[in-house]
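Q: Sharing the feature lines straight out of Swiss-Prot:
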type     : residues : note
ACT_SITE : His63    : active site, charge relay system
ACT_SITE : Ser132   : active site, charge relay system
ACT_SITE : His157   : active site, charge relay system
COMPBIAS : 294-311  : compositional bias 'Pro residues'
COMPBIAS : 498-513  : compositional bias 'Basic residues'
REGION   : 270-339  : region 'Disordered'
REGION   : 333-352  : region 'Interaction with pAP'
REGION   : 455-565  : region 'Disordered'
REGION   : 593-620  : region 'Disordered'
MOTIF    : 510-515  : motif 'Nuclear localization signal 1'
MOTIF    : 537-543  : motif 'Nuclear localization signal 2'
Amino acid sequence: MTMDEQQSQAVAPVYVGGFLARYDQSPDEAELLLPRDVVEHWLHAQGQGQPSLSVALPLNINHDDTAVVGHVAAMQSVRDGLFCLGCVTSPRFLEIVRRASEKSELVSRGPVSPLQPDKVVEFLSGSYAGLSLSSRRCDDVEAATSLSGSETTPFKHVALCSVGRRRGTLAVYGRDPEWVTQRFPDLTAADRDGLRAQWQRCGSTAVDASGDPFRSDSYGLLGNSVDALYIRERLPKLRYDKQLVGVTERESYVKASVSPEAACVIKAASAERSGDSRSQAATPAAGARVPSSSPSPPVEPPSPVQPPALPASPSVLPAESPPSLSPSEPAEAASMSHPLSAAVPAATAPPGATVAGASPAVSSLAWPHDGVYLPKDAFFSLLGASRSAAPVMYPGAVAAPPSASPAPLPLPSYPASYGAPVVGYDQLAARHFADYVDPHYPGWGRRYEPAPSLHPSYPVPPPPSPAYYRRRDSPGGMDEPPSGWERYDGGHRGQSQKQHRHGGSGGHNKRRKETAAASSSSSDEDLSFPGEAEHGRARKRLKSHVNSDGGSGGHAGSNQQQQQRYDELRDAIHELKRDLFAARQSSTLLSAALPSAASSSPTTTTVCTPTSELTSGGGETPTALLSGGAKVAERAQAGVVNASCRLATASGSEAATAGPSTAGSSSCPASVVLAAAAAQAAAASQSPPKDMVDLNRRIFVAALNKLE
């Protein structure tokens, strides 16, 4: 295509089609709602009885009245929504779009393979991918249907924008209106026929420059483009609209789903194109020899993307490959804009290569557009090779010494003693930066000055007195370990040994007594029950023989074992006391239930009847009188334990042979004898003890029986 054909195609009208509203998609804002009945009523009212427009609506950019680029050729309400077909005819606007499309990398990639490249159409598809309708609000149906008021026209204009606010308002551009309508599968054949009749009646002739309605400029379009950059949901909404409309099923110039990031990838140029461009752009300096062979490829970067070949610098030309190198090992040559890099080709080039003049041009100091990737070691090796040639190329340049400064000696792990010679900070600094050798001290000196000595007039302080230990008990007790000794400083040397031994002024013993009194409390007292001999007296519990400091070693283990034994004994004694208390309570209840008044002592519950009552029973036998004792014996056999003995059932003959007691006596030897016999029989019938706790329990019960 020639230049004239491209210019004529650029000024040719461009058609754009798309939905202005979708009836099946509810908008996010209520003011954007366009019901079907309201739209059809407006079309009949504005089309003078026909469902079309009698007057063409203006087509502008981003609702800017000064940026009118064409007109609406057809508008019709179809099954899925309100569809329109516009025509872009502004020559000034199309010329701006043509010039901008030549600088776009995304447009230069071209469309999908079956489509013909058209930069103007592709630029419009990527920049203004949405349609927006400016109309009256239809929040109220009655107000929307009535055209009375200041605004009698329901539709004002249609705008080409970056993204529409309504769903499904995607714009499709093309040179043929029939091709544009075929991109939408939702349009039926009848819909396309109606749209065709409208645009043929409206006309689509090109507008001349004198009647161009576009009164804006490129700066206004640039401002609108900057505003479109702040739309956060632009790309997701365009992808959604593209799928909703169904444009993805057919070829189009829509760039909604194409990411511009892929266009930023650096393309690798071929050797022929790069060689031609370098031969045309580069101008060799005077006296420089142009190599006949093609330059070697640059160093491969770490990324998989191949960088383009670097253009030759005016002052430095790439060197020829030596004939001894194999094809698998090409020569590596790179040109850099750093002043020291001018001598790199001279140092690394083969003998047959020549270098440009002595001073570089000013233009060679500018950074090139493309860069070359070098490893760190290769970069430093190039700098090292250029040091020798830098003073020659640049008079007055000072080259750094090749050898690095020696590392300082390591610091000592501990400070030197006071007997070592004193080393000042000046000597240390000289030792850092020069080959300083101390003749007196080969290693490092200390960092601090020695401690200042006292004035000769001051007396010498006495040496510190050593601490000694003293026993807290009498000299006769030798079994206490040294850990129990008390330590006294030398300040107590003026007091007498006797005063130390007996507590001095009494402060130490006083503190010990206060500590003991604070540690002893009512919680250490053991429990006592009514009826016991020691009831009402404070009895201390058994304390564990554990050291106050917790003990250590074997002492801690033995103390722990003793503590466990004492805990077991204490638990057994408490169980016995609870059993005895329960037995006393039950015996008290039984004695209260007997027919005769019984005198009870605090240590026994055996019922005794006087002799006068036994003889004056009126024919009653002692067995009958002892019926209460028999009941007690039965309950004792059932599990009721008495504190004094276990009662057994006595026969009538044994009670008769016991004989009456003296009158007025409150004792009953017959019952005591029977109780003792029953206790012996019960003890004989018991099983042997099971363990040590059971044996201790029986011994304790026997001791209590003897006391009673």
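A Cβ is built for glycine as well, from the same backbone N, Cα and C atoms used for every other residue.
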Q: Which of the listed active-site residues (His63, His157) has the least company, meaning the fewest other Cβ atoms within 10 Å of its Cβ?
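A: Checked His63, His157; of these active-site residues, fewest Cβ neighbours within 10 Å: His63.
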Q: Please give me the CB contact count at 10 A for Ser132 (active site, charge relay system), counting all chains in the structure.
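A: Neighbour count, Cβ to Cβ under the 10 Å cut-off: 21.
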Q: Between His63 (active site, charge relay system) and Ser132 (active site, charge relay system), how many Å separate their Cα atoms?
A: 8
Q: Any idea what DSSP makes of Ser132 (active site, charge relay system), helix, strand or coil?
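A: In the DSSP reduction, Ser132 (active site, charge relay system) maps to strand.
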Q: Cα-Cα separation of His157 (active site, charge relay system) and Ser132 (active site, charge relay system), in Å?
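A: Their Cα atoms are separated by 9 Å.
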Q: Restricting to the motif 'Nuclear localization signal 1' (510-515), what is the model's mean pLDDT?
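A: When the pLDDT values over the motif 'Nuclear localization signal 1' (510-515) are averaged, the result is 75.
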Q: Going by DSSP, is His63 (active site, charge relay system) part of a helix, a strand, or coil?
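A: In three-state terms, His63 (active site, charge relay system) counts as coil.
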Q: Would you mind pulling the DSSP three-state label for His157 (active site, charge relay system)?
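A: Reduced to three states, the DSSP call for His157 (active site, charge relay system) is strand.
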Q: Looking only at the motif 'Nuclear localization signal 1' (510-515), how are its residues distributed among DSSP helix, strand and coil?
A: 6 helix, 0 strand, 0 coil
